[in-house]
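Per Swiss-Prot, the features are as follows:
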type	residues	note
BINDING	Cys359, Cys420, Cys423	[4Fe-4S] cluster binding site
MOD_RES	Ser486	phosphoserine
MOD_RES	Ser488	phosphoserine
Amino acid sequence: MSPSVASPKTLYDKVWDSHVVDLQEDGTCLLYIDRHLIHEVTSPQAFEGLRTAGRKVRHPELALATVDHNIPTDPRKDMKDIASFIHQPDSRTQVLALENNIKEFGLTYYGMNDRRQGIVHVIGPEQGFTLPGTTLVCGDSHTSTHGAFGALAFGIGTSEVEHVLATQTILQRKSKNMRIRVNGKLPEGIASKDLILHIIGVIGTAGGTGSVIEFCGEAIEGLSMEARMSMCNMSIEAGARAGMIAPDATTFEYVKNRPLAPKGDDWEQAVAYWKTLRSDENAKYDIEVEINAADVLPTVTWGTSPQDVIPINGNIPDPAHVKDNVRAASIQRSLEYMGLKPNTSIVSYPIDKVFIGSCTNSRIEDLRLAAAVVKGRKVAANVKDAMIVPGSGLVKKMAEAEGLDQIFIEAGFDWREAGCSMCLGMNPDQLKPYERCASTSNRNFEGRQGAKGRTHLVSPAMAAAAAIKGHLCNVREFFGDVSNGSPSIITNKNYDPSHDVEGDIGLSVDDATDAVTDADGIATNVAGSVSSGSAGIPKFTVVEGIAAPLPMANVDTDKIIPKQFLKTIKRTGLGQFAFYEIRYDADGKEIPDFVLNREPYRHATVLVAHDNFGCGSSREHAPWALNDFGIRVIIAPSFADIFFNNCFKNGMLPIPTPIEQVNDMMKAAENQVKFSVDLVNQTITYGDKQVKFDVEPFRKHCLVNGLDDIGLTLQKETMIDAFEAAREENFPWMNIKRSRARLSPVKSNKQSSSRNDW
């Protein structure tokens, strides 16, 4: 009998298979997590869960925390303490809660007093925390960014943040393999941002649902690491669970000598292994897409979904020419929201603001490209504000060493401190109603950058060009100043931040208080008492009641719960704010026509919607808001992966259902027919009709019994121990404790370090 030959594997297969701790009969895997990034918005409830259950963080050294979403990007030279610097009470609450939690649980933290602070998806690669072949998670959907290194990186909800902290593992089912090959070289002046927007326009925001995308081809191989990060960053906007690019010499050169990268023999072993992380010849993919690089033009979004893209020389679409009624209605709503007319040129609309920043485009390469366009020019008079927000304190410092800050300042740009800034309106950097913005961020959802704000997604060079012209324009008009990834600007590229050991700005975490106050004014002791166990989730057997019809596709998480309501340290109280932008008018009064404002739908327990429900963020606030309203079941043809997963963590049941059945249920809901959803028997009964539905056995078991995932996982601690022992032997470079680099746990005294820059 001939020996068996292993089947060819994809890059995703290889990384996944090397991290499986346990495989259950139904296909659910216990997956080991190598790296965990943490920020202030999605972590408070996770730490509170640990505290309530009396659990510790299993591996504090494998977590890295920072603040980014809520913090102001104002100058910090006069900052005395966090409490006085952050004026928004709810933002201050989350930042102080994180700092207290970090102190209590002993994690590494880059706070506002540390020049290494920045956006989580900038500082991870910058520090060498992100490595090829690792699994990396964060309570943020754009964790997919790190897939540029050949890591399996994905966003998780708060319940899973708690699970990873407690067990260093996560429960997952394997996604499908999807390959997007980009053939040929990108034309002159085309950035990776143009490419990923083009791809999303081709496949749609649900094109990658249920899949991990591997990007490959000549165009991808020719990208820098920072450009690759922009690609993988927006794989989530394509609906994917993650995006990956095989590591190569470009990857290794970027990682080498980073503070947390392997050193010496560990480095040689690591690179030898990383070179094997390429898809095997004849590896099988479930979905394959071919893109011609020559087809990609400077690209801009016109609507309120990342799939609403046109080339800069294109016209705005006309819903009258769209046959699909749901899609036509979506286009019409987007046109009204964006203040655009069909069949007009996108360049004919003046802009009010420009934002260059975010985890998509705030790295040094992005700033160099923008500076090449800006140099020697002035921001147009009609542009009220043009902001440059570096992705980290070290990016800022590098840009200043190269003189980029002076180029921007002399042109009339505002040079800011590191943070998420205007990517989402959770901090003071926001659009006012009806302001139009050229933005290098990743989402153009309604209200994303501020209530009623209008967002056009573009590359850094395109954003810079728009600032100079005063309207969206073709960056190729600036040729001679910018080419494909090579700006004609002289910069001090010999500056090496690894030689920079200037100290922090002198603020200790002990300047925070031991008690923080939630937005409703209730004081919460974040070091409170510990109970003997976890509360688990509510049991789910049968849900009966009225179903609310919501005939909308691509209902994103920002629409379910707008960003201004995410600044809480509790899981409850969000139901009143669900669908706020379409449920209430500008005065906060109910819009009578919205379904949840009408009887009997005010008391709905079931929601019936269209495709790709829950697309967008990994934040668990969306299911919290629906659950708090009273919705326990959501029926739709398809769901965004992270939202789907988050529902189960909160005792809710999302049911993917064929479109024909959804349409029939939508009519029944409109006629106020009562629904009964029986999870035990897996049936939906409405009127005289009954349909069956599928649900994964393990998820069903947990819902029906109200089981705590963490408690179940801790029963397999022996398996986790064995996996970790083998990991230490086979992949020694993955253990942060072996690194010669210095991590800085949060200080417990008023003395500030004098050497904590990289």
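For all residues, glycine too, the Cβ spot is worked out from N, Cα and C.
Location within the structure of each feature annotated in Swiss-Prot.
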residue : record                        : Cβ neighbours (10 Å)
Cys359  : [4Fe-4S] cluster binding site : 27
Cys420  : [4Fe-4S] cluster binding site : 29
Cys423  : [4Fe-4S] cluster binding site : 30
Note to self: Quick check: with Cys359, Cys420, Cys423 left out, which same-chain residues have Cβ atoms within 8 Å of the centroid of the [4Fe-4S] cluster site Cβ atoms?
What the structure shows: Asp68, His69, Ile119, His121, His142, Gly357, Ser358, Thr360, Ser362, Gly419, Ser421, Leu424, Ser441, Asn442
Next item on the list: Sort Cys423 ([4Fe-4S] cluster binding site) into helix, strand or coil using the DSSP assignment.
Entry: helix
